[in-house]
Amino acid sequence: MALSWVLTVLSLLPLLEAQIPLCANLVPVPITNATLDRISGKWFYIASAFRNEEYNKSIHEIQATFFYFTPNKTEDTIFLREYQTRQNQCIYNTSYLNVQRENGTISRYEGGQEHFAHLLILRDRKTFMLAFEVNDEKNWGVSVYADKPETTKEQLGEFYEALDCLRIPRSDVVYTDQKKDKCEPLERQHEKEKKQEEGES
């Protein structure tokens, strides 16, 4: 009897798996110190797709972006240094992101408003995603980041799964092109100044 029950359960497993939504990788999980350690350092913005018209318009203007995350675990903030290329010009910005550990979100004040994004840690440790407006179907959006400017098909797999789940056509994806980056000279200058400061202290 027990054996037939086990066989029945096993035979149902493929059906149960089929019912699990692709959105499994869009379920936010709490942010821990280990999460913050994992996202610390230099990242490249690779691609995104948004239903929100305002965001969609904005991402079309971005040619290339890389940035540095420096988390402060005590204050639950992330210091962001961002190098963005728009219209063949380098725009450098620094700001602080707030970390909402329990919700699995990070947020940024911009234009007098706080914008929230769910931080999604992926199977590939060299990538992560941010999901925007996950409870508002008209404004859904997802962006993907990697530790190098070039990504493999495998690395983008979970990003594409998320788009399929949110019913955002892959044709809506806007990719950056690191070859158009104009910020590398400024980054080198900043690194040089940092070393000089460290040498003087």
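Note: Cβ is positioned from N, Cα and C throughout, glycine not excepted.
Small disclaimer: the values here were computed from a predicted structure and weren't measured.
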- prompt: When you check TrEMBL, which of Cys23, Cys90 turns out to share a disulphide bond with Cys183?
  reply: Cys90
- request: May I ask which residues of the same chain, at least 6 positions away in sequence, place their Cβ under 8 angstroms from the Cβ of Cys23 (disulfide bond)?
  value: Ala162, Cys165, Leu166
- prompt: Can you tell me how the residues of the region 'Disordered' (178-201) break down into helix, strand and coil by DSSP?
  reply: 20 helix, 0 strand, 4 coil
Query: Per-residue pLDDT averaged over the domain 'Lipocalin/cytosolic fatty-acid binding' (40-179) comes to what?
result: 92
